[in-house]
Structures are given as structure tokens and as C-alpha cells.
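Here is what Swiss-Prot records for this protein:
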| type | residues | note |
| --- | --- | --- |
| BINDING | Cys17, Cys20, Cys39, Cys42 | Zn(2+) binding site |
| BINDING | Pro121, Thr122, Gly123, Cys124, Gly125, Lys126, Thr127, Tyr128 | ATP binding site |
| DOMAIN | 5-58 | domain 'ClpX-type ZB' |
Amino acid sequence: MSKVSNGGGDSKNTLYCSFCGKSQHEVRKLIAGPTVFICDECVELCMDIIREENKSSMVKSREGVPTPQEIMAVLDDYVIGQKDAKRVLSVAVHNHYKRLAHQSKNSDIELAKSNILLVGPTGCGKTYLAQTLARIIDVPFIMADATTLTEAGYVGEDVENIILKLLQAADYNVERAQRGIVYIDEVDKISRKSDNPSITRDVSGEGVQQALLKIMEGTVASVPPQGGRKHPQQEFLQVDTTNILFICGGAFAGLDRIISARGEKTSIGFGATVKSVDERRIGEVFKELEPEDLLKFGLIPEFVGRLPVIATLEDLDVDALVQILTEPKNALVKQYQRLFDMENVELVFHDDALRAIANKAVERKTGARGLRSIMEKILLDTMFELPTLEGVREVVISGDVVDGSARPLYIYAERQDEKGNVSA
């Protein structure tokens with residue numbers, strides 16, 4: 001119901017939104033219904049909720065899983081660029097769950113699993129792609145760090161701890177866990193330390209690759225429900241990893257030089273044109289990746305063989321980083337604007353400020369991951385001062401603020417009122 005305020009001697013009624021309680025003076029538009037009112041902000045919020053529900057209950061294909069186009073459409077909402085990688089992932093995930101539906105029909109033909117390897121520079125969106133995928137298809141999803149894994153019997157995490165974490169994410173529902181997704185990050189850090197055999201065991205490199213082979217291929221893992229060490233008297237949960245989709249990701253620093261060296265061998269003669277690594281972007285070089293390059297990098301043949309789908313990601317340029325700052329549903333600029341909105345302050349970024357932030361991230365070679373730290377540094381003083389300042393309505397960030405040659409511009413309510421009176 002609408003609220004009515006007489007405002008002292010004013011005989012005009014003030015109308016209020018029946019949902020959020022804001023007055024007609026606080027919103028752009030107030031829509032009247034039979035006995036209720038709704039503001040434009042609440043309408044927009046309702047539309048966002050409906051869109052999210054439509055995305056989460058996407059139209060299914062005949063096999064009961066999202067089609068590649070539907071998966072790609074949702075990825076586009078959250079991840080900027082990386083079109084080729086998104087297509088590869090969309091098809092791979094669709095086929096994986098189609099295979100699960102096919103198995104339940106007891107067909108004579110057994111469809112093999114296709115695990116995925118994501119190769120791309122730091123901060124290009126490998127981990128974020130995997131997280132977004134898990135959100136789309138609503139299955140248990142966990143992330144594991146390959147650098148913490150060691151062979152069984154050594155100090156560090158056992159590879160079976162990965163399955164335990166997945167089981168915990170599925171609330172100990174074994175059947176649901178067996179259809180989940182595991183993302184193993186920093187997989188390039190478990191490469192073989194050297195080509196020469198050594199008398200000492202490589203427990204965090206090749207040893208981890210060997211340990212991962214079985215669970216990636218498919219085995220029944222005995223997982224202690226409470227975690228920790230296994231005891232003979234303990235009851236174990238049996239988890240079949242055959243249908244768990246494994247996605248491995250890594251930056252593979254130095255792999256571009258291996259790929260370029262292979263290309264130089266094939267380009268010989270007076271007419272051959274060979275670009276050096278410095279002249280080409282890393283993402284461009286990664287597009288020529290072959291399994292033999294991964295072997296030279298230090299991955300063992302059996303491990304590479306269990307990752308048949310390889311998706312390469314491009315390094316992000318300034319334009320892509322500006323898009324990442326502003327366009328996705330949970331873009332960084334939108335996040336900070338929401339924080340400032342809690343103080344009833346509007347945060348505004350000029351276009352030159354966004355490009356300056358993107359340029360800094362490119363110079364640091366940190367990709368999208370470095371954008372937040374740059375934003376935090378720019379806004380730190382403002383976020384420190386703002387809660388104690390009165391009357392601030394707007395904070396404006398220009399390119400000079402990003403460069404450090406100026407302070408953010410504070411616009412106070414009184415000045416805005418003065419501008420309104422002048423224009424009137």
C-alpha cells in the first residue's frame with residue numbers, strides 16, 4: 001500500500017514504493033497499480049531475478065543437459081573474450097553430460113571421458129571459466145591447487161583429498177559427487193623437474209602426475225569420511241571417479257618458447273619469415289600448441305593422454321580489460337559502485353580512468369587478476385574518509401587520479417542543489 005505524507009503544511013500527498021519504501025522524489029519513476037505502487041529500481045531488480053532464474057533453469061536439450069549454445073550464452077554474460085576457449089568448454093561439458101545420460105541407457109557402445117586442459121597466461125580467466133561452468137550446470141564443483149599435492153606417504157595433500165573435498169561439496173551425497181567437476185589449478189607446477197633420471201624421488205612433480213592418472217582415468221577411491229589419515233578400523237566411502245570431469249589449468253610459463261622453437265625448425269630458407277617470441281603475444285603462440293610441446297615442458301605422456309581436450313586462452317589487451325571492468329554482471333566497477341551506494345554516494349569513473357587502470361594491469365603482466373589491487377589502491381583513501389564525511393553525493397575518478405597526479409573529486413549535495421537552481 002502507498003504511504004501518504006502531508007509534510008507539515010504541504011497538502012500534496014507523497015507517494016511511496018510499496019516494495020522498497022522509497023518516495024517518489026527518490027526514484028526516477030513510480031508506477032501505479034490498483035492500490036499499490038512500484039518504482040523503476042524495483043522493476044529492474046525483479047527483471048534481474050527473472051533473468052537469473054531463466055538462466056539457472058535453461059532450456060534443456062533432449063538428453064536433459066544444456067546445449068553448447070546455451071552454455072556459451074551464459075559464459076558470455078560473465079567472461080569477456082576468450083571465444084575459442086568458451087566454445088571448446090561448452091562442447092566438452094555438453095558431451096560429458098550427454099555421455100552420462102547415454103550410459104544410463106545401457107548401450108553397447110561405451111563413450112570415453114574427455115578431460116580438459118586450459119592453457120593461458122596469468123589472469124586471463126582460466127579459473128573463472130571453470131567456476132562459471134559449475135554454476136551453469138549446477139553440480140558439485142571444487143578447486144584444488146596442484147602445488148600442495150604430493151605422492152601418498154609424503155608431507156602434503158594426498159590426491160585422494162581432492163575426492164574428499166568434492167564429496168563435502170556434495171554434502172556427502174556419493175551419487176551427486178560422482179557427476180561433479182574438479183578444477184586442478186597450477187598444473188604446470190607439477191611438471192617433471194628435469195629430463196634426466198635422478199636417484200631422488202620427485203614427489204611434488206612427476207610423482208603427483210602419476211598419482212593423478214588413476215583418479216582422472218577412473219577408479220574407485222576409498223575416502224575416509226572425516227578426512228585425515230586412513231585407519232584399518234575406519235569405514236570408507238567408495239567414490240567412482242569415472243564420471244567426474246577433470247579440468248586442469250596452468251599458465252605454463254616458458255611454454256611459448258618451446259612452441260616457437262618447434263616452429264623455427266620448420267621455417268627455414270631465405271624466404272622464411274619467423275617472428276621472435278617478443279614480437280608475438282603469448283596467447284597467439286599458444287594457439288599453435290601440440291601435445292609434444294607439453295611433453296617437452298615436463299608433463300608425462302600418460303598425463304597428457306588423459307587430457308584430450310586442450311583449450312588455449314589469449315592474453316588480455318587494454319580494450320578487453322576495460323570491458324572486464326565494466327560489462328560483466330559482477331564487473332569490478334559495479335562492485336565498487338555498490339559499496340559506495342551503501343554510503344549513499346555515487347561512484348563515477350571517466351573513460352580515461354578505466355583505460356589508465358587497464359594499462360597498468362597490462363604493464364604489470366597480471367591480467368584481469370591485477371585489476372582489483374589497482375582499484376583498491378586508487379580508492380583506499382576515499383573509502384577511509386567517506387564514512388566520516390557528510391554531504392558527499394558523488395565521487396569522480398579521472399585518469400589523473402589513477403596516475404597519482406590528482407585526488408578523487410568529491411561533489412557535495414549543496415553544490416548539486418546549486419547547479420539545479422541555476423539550470424532552473
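Quick reminder: no glycine exception, Cβ is built from N, Cα and C everywhere.
Structure coloured by features recorded in Swiss-Prot.
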residue	record	DSSP (3 states)
Cys17	Zn(2+) binding site	coil
Cys42	Zn(2+) binding site	helix
Pro121	ATP binding site	coil
Lys126	ATP binding site	helix
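Rounded to the nearest whole angstrom, the C-alpha distance between Pro121 (ATP binding site) and Cys42 (Zn(2+) binding site) is 41. Rounded to the nearest whole angstrom, the C-alpha distance between Lys126 (ATP binding site) and Cys42 (Zn(2+) binding site) is 35. Checked against Cys17 (Zn(2+) binding site), the binding-site residues Gly123, Cys124, Gly125, Thr127, Tyr128 differ in C-alpha distance, with Tyr128 being the nearest. For the domain 'ClpX-type ZB' (5-58), the predicted model reports an average pLDDT of 75.
Cβ proximity to the Zn(2+) site centre (mean Cβ of Cys17, Cys20, Cys39, Cys42, cutoff 8 Å) flags the following additional same-chain residues: Ser18, Phe19, Gly21, Lys22, Val27, Leu30, Phe37, Ile38, Asp40, Glu41, Val43. Each of the binding-site residues Pro121, Gly123, Gly125 was ranked by the number of other C-beta atoms within 10 Å, and first place falls to Gly125. Rounded to a whole number, the distance between the Cα atoms of Thr122 (ATP binding site) and Cys42 (Zn(2+) binding site) is 39 Å.
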